[in-house]
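Shown next, in structure tokens, is the structure this report addresses.
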């Protein structure tokens, strides 16, 4: 069990608050000087260290003279530092790559591994050995989760109070506090102080935390039979519905694995440490047993669906992590089904052993996947190149952007190596490869647009449909669009659908240009007008096509059927202020027809 509040010395309490403040200050300094260290990857490793190690220290420290505590801190620092350095190396070393593709899985997997490992570290300090009883691991795990949740609520409330303070003083013209509270140099250390106090409350005031846990477990206990019944009915329905509808969802693995994860969570909340009496009447326990026996079916279907995607399209980093999570959940599914089939020592007694084994496997896989051992980007990039070389993927279908932006340093290095690949010797393939290497963003690339943009006015006009009355196009406007001194929709791209119109919308005797790009769900239009002899962007708008189809809209544009419709309600101006528009209300709010009798009664009613 956790130590009582009296067992936490005053020096330890001060230590918790001090480390939390220093953690906030260190995070602020890292963020402030991260730009100067950009490209080195050092900020990534520092963030991993500063988030994982101090938090583990604050939740596990009992006494400052405990050698095991400091040994674990040093060991955890070395491990997290090594993993963070590897993630930093993989996420850097290439211009403008999407670091989130590397760092998001790293952060999630590191957080999960940290949460799994923390009870073992706490039990080693408390029991002086690694092999702690399952009851202690269970208590520490749930206590940590609720303490962190309490800390988050505490920090949010504190910032709410500070925000109220800032607003209150701003009412009397004192804006100093509002400006101070948004300064990073203030916010980070103060947030650290709040987090330290919140953790201290969670660790010393355990009774409220235990009450919250009991309420949460009661909710899970009430929902488990319902979830179990749904899980069983779904499996029983499969022989009658078939699997085709399941495969068409394109999210079968995610949905099926979520069912496994929820059942595992609810069963653990009900089973707890296994020391109590079996819950539920016998009939409900059999429903839960049936649901757990069906979990291998969910795991098998989910793994099969994911395997189909991998066989069809090859490995990617996302599919690697999806497989890793699916394998762990499948291990839980098979282990819990095994626990149902071996009830000799009590109802579901075997899940305690399953939880320990799978948690250790998860720790090992998390470390391996964030290191050279199971580097997902090394494996996925190698598989994609192998598919290209053995003919399973063609040069036309090969996703160069994925290598360029979403596969870390490994992907960019592989993209550069493709310049010597014989399959990219053809001019079109070589140009596509060069364009991918030069791209600055997977969504918008000036280099990409320059490759596709027409070089002359004649080529530009070939890509833009012109309504009647447009020709001849003003050379000054066209040159500004070509040189991109005037922003325009993506009408210079080879596959764009654009229409140029020339209405006189303000009736000043001079025509404006209205350039619209037709897309699947509407049209993006830009209005250009002359101002002092120079063309400029006057307005922009998006026209949705919910009421009429895109084809009808494009046909009207190509025919030049555009006219200025004066608004029913004019713009308003109060005094010398700026004019503003009234937005017409399209809701069906209308008064009822006048009832003469009711009106007469209303007019004759005495005033109060």
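Heads up, residue numbers simply count up from 1 along the chain you see.
Backbone N, Cα and C define each Cβ position, glycine as well.
In TrEMBL this protein carries:
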type	residues	note
TRANSMEM	12-30	transmembrane segment
TRANSMEM	42-61	transmembrane segment
TRANSMEM	73-91	transmembrane segment
TRANSMEM	103-121	transmembrane segment
TRANSMEM	142-169	transmembrane segment
TRANSMEM	181-202	transmembrane segment
TRANSMEM	214-239	transmembrane segment
TRANSMEM	251-271	transmembrane segment
TRANSMEM	292-315	transmembrane segment
TRANSMEM	321-341	transmembrane segment
TRANSMEM	353-374	transmembrane segment
REGION	568-608	region 'Disordered'
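The transmembrane segment (292-315) makes no contact with the transmembrane segment (12-30): fewer than 3 of their CB pairs lie within 8 A, with pairs spaced 6 or more apart in sequence.
Scored on C-beta pairs under 8 angstroms, the neighbour of the transmembrane segment (42-61) with the top count among 103-121, 142-169, 353-374 is 103-121. If you look at the transmembrane segment (353-374) against the transmembrane segment (103-121), you find at least three C-beta pairs under 8 angstroms, all six or more positions apart, and that counts as contact.
For the transmembrane segment (214-239), same-chain residues at least 6 beyond its ends with a Cβ under 8 Å from one of its own Cβ atoms are 146, 259, 262-263, 265-267, 269-270, 272, 279-280, 284, 287-288, 290-292, 294-295, 297-298. The stretch in closest packing with the transmembrane segment (142-169), judged by the count of Cβ pairs under 8 Å and taken from 103-121, 181-202, 251-271, 321-341, is 181-202.
Here the transmembrane segment (103-121) has long-range neighbours at 44, 48, 52, 55-56, 59-60, 72, 76, 80, 83, 87, 91, 130, 132, 136-137, 140-141, 144-145, 317-318, 321, 359, 362-363, 366-367, 369-370, 376, meaning same-chain residues at least 6 beyond its ends whose C-beta is under 8 angstroms from one of its own.
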